[in-house]
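Structure, as structure tokens:
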Ligand SMILES: [Fe+2]
């Protein structure tokens, strides 16, 4: 497997203010995401050395490390793409709206369920909008980066509710962070992901 490469943010560090501060984005991208990428790459390197007979490894431990860090890296890449500077009338387009209504009754009901999933994650994790192989949508929680995943599904909208994602701005008020986060959702990005 190729090494993971961390991309720069697709916008400036302060682009999501006042919903998410520049300080959080700097730490989150440059320290937290970078660590997941580096640690996933360390696991890949150990597996390569093991294949070449250069290193004895605890396969189970390395694969656990790889699952955690690889999923952490992938989710952060998606999270950055799912956001943009706040703008008025920030809504899914008509096609996505129809699909959301088909799956969740209404956009409001969808947002309520997704927010409740985010607020209710036990410990550190994510709220996720998944699409399955038939383009059915569902909402789920991920604990850490990789537990409770729905196999065969692709995440198309994710919200990071690890404390590192909001504590500097919101302290322990995860619910306020989740409520304000909807202002910076990049619906154009989500819409693209549903249909590709
Ligand atoms: Fe994070």
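Note that Cβ sites are derived from N, Cα and C of the backbone, with glycine treated the same way.
Now, the feature entries from TrEMBL:
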type	residues	note
BINDING	28, 76, 160, 164	Mn(2+) binding site
DOMAIN	8-83	domain 'Manganese/iron superoxide dismutase N-terminal'
DOMAIN	93-193	domain 'Manganese/iron superoxide dismutase C-terminal'
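Apart from 28, 76, 160, 164, the residues listed for Mn(2+), the same chain places the Cβ atoms of 29, 32, 33, 79, 162, 165 within 8 Å of the centroid of those Cβ atoms. Assigned with DSSP, the residues of the domain 'Manganese/iron superoxide dismutase N-terminal' (8-83) fall into helix, strand and coil as follows: 53 helix, 1 strand, 22 coil. Among the binding-site residues 28, 76, 164, the residue whose Cβ has the fewest other Cβ atoms within 10 Å is 164. In the domain 'Manganese/iron superoxide dismutase C-terminal' (93-193), the DSSP tally of helix, strand and coil residues is 50 helix, 23 strand, 28 coil. Computed over the domain 'Manganese/iron superoxide dismutase C-terminal' (93-193), the whole-number mean pLDDT of the model equals 97.
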